[in-house]
Amino acid sequence: MTPISQTPGLLAEAMVDLGAIEHNVRVLREHAGHAQLMAVVKADGYGHGATRVAQTALGAGAAELGVATVDEALALRADGITAPVLAWLHPPGIDFGPALLADVQVAVSSLRQLDELLHAVRRTGRTATVTVKVDTGLNRNGVGPAQFPAMLTALRQAMAEDAVRLRGLMSHMVYADKPDDSINDVQAQRFTAFLAQAREQGVRFEVAHLSNSSATMARPDLTFDLVRPGIAVYGLSPVPALGDMGLVPAMTVKCAVALVKSIRAGEGVSYGHTWIAPRDTNLALLPIGYADGVFRSLGGRLEVLINGRRCPGVGRICMDQFMVDLGPGPLDVAEGDEAILFGPGIRGEPTAQDWADLVGTIHYEVVTSPRGRITRTYREAENR
C-alpha cells in the first residue's frame, strides 16, 4: 500500500481503497468455490460508496449485486451499472414499475408484495424477475412455512401467465459472527426443506442462497448456488474472534490538525471540563465531531495517529471538533499535519473494530457513520 496523504482542500475524508475491495472480493470468491458471488452494496456500500464498490466488485469477479431497497438499485442503474441487481426490502404500497423498467430483480417476502409486483407487471407489460425470501429463523421479513404453500400456488399461476421469471430462493442467517452456532445448521435444514417443498409442487428456482460473509468464509457446506457477502467485501472480519481472515479494511478516516496550542497543568478542556491537564502539555484540535460520525461516547477514550504515534483524545467530543493530547515538551505536530482516526491498522492507527470495542457496538456501525464534513474519496486499485 502507498502512504496515506491528506487530499488538499478537504477538511476531513473517508478514503476508500478500491484495491482492498478488489482483494477482498477475490478472497471471497476463493472461499465460495463453485458458487457465484453477490456483493451486497446496500446502505451506500456500507458507507463506502455503492457505485464505486459495485464497479470494483464486478471487476474482481462478483456476478451480481444485492441492495435493500429498489431506490438503491435504481441509483446503481442511474450510474450505469448493468449487472444483475436484487432488492429485498419494500414498504407497503410501493410502485414496482420503475424496478421492472430498469430490470431490477425483486425479492418478495409475502403474498401482498407479490400481488403489488404483479400489479406493476400488468401495468408495464414487463416480466418480473422474482426471488422469494423465506424466514428460516431470523424472524424478520420472509415467507414463513405456513404461508409458503400459498406462495407456491401464486407463483405457479404467475409463471403460467408469463408474468414472472422465477429466479431465486433466499434466506438470511441469524448469526453474522458465529459460523459454528447450531442455529446455522437448523436454518440450513429449514432452507433445504423449503426447496424440497417447492420441487414437490413443481416450482424450481434457478439459484438458492443463504450464506452471509461469515458462512462464505467459514461454512462451505452452506454455499448452495450463490453466496451473499456484505461486510467482508469491505475488509472487516465477519468473525472478529478469528482475526482478519485475510481481508483488508478498505476505509481510512482522517483529517488535518486545525490548531495546536499549549495549556498549563490544572486547566480544563472542552465542555464541562471533564478532563483536567495533569501537567503542562500541548493539544491539537481536530475539526470534526459527532455531527460527522465521531461518536460522542468516544470522548476521552479514543486515540488518533499523528506522525506515527498514538495521541489520546481528551475532554468531550463536540458537534464539530475535539481535542487530543500531544504531550509535554517540544512540539512534533504542526497545524495541517494528518490525523488518522481509524484505518486498516497497518501504520499503528486504530481500527474500526477498536472503535466498536470502545463503545460496545459493531464495526458495521462505525464504517457507516462518517458523514457531514467528512468527504468520501477513493484510492484507485493497483496491481497487487
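Including glycine, each Cβ sits where the backbone N, Cα and C put it.
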From the candidates Lys42, Lys254, the one which Swiss-Prot records as N6-(pyridoxal phosphate)lysine: Lys42
Cβ packing number for Lys42 (active site, proton acceptor), 10 Å threshold: 19
Rounded Cα separation (Å) that holds between Met319 (substrate binding site) and Tyr271 (active site, proton acceptor): 11
Neighbour tally for Tyr271 (active site, proton acceptor), based on other Cβ positions within 10 Å of its Cβ: 11
Other CB atoms within 10 A, centred on Arg140 (substrate binding site): 10
Distance, Lys42 (active site, proton acceptor) to Tyr271 (active site, proton acceptor) (CA atoms, angstrom): 37
Arg140 (substrate binding site) to Lys42 (active site, proton acceptor) - Cα separation in whole Å: 17
Cβ neighbours of Met319 (substrate binding site) where a neighbour is any other Cβ within 10 Å: 13
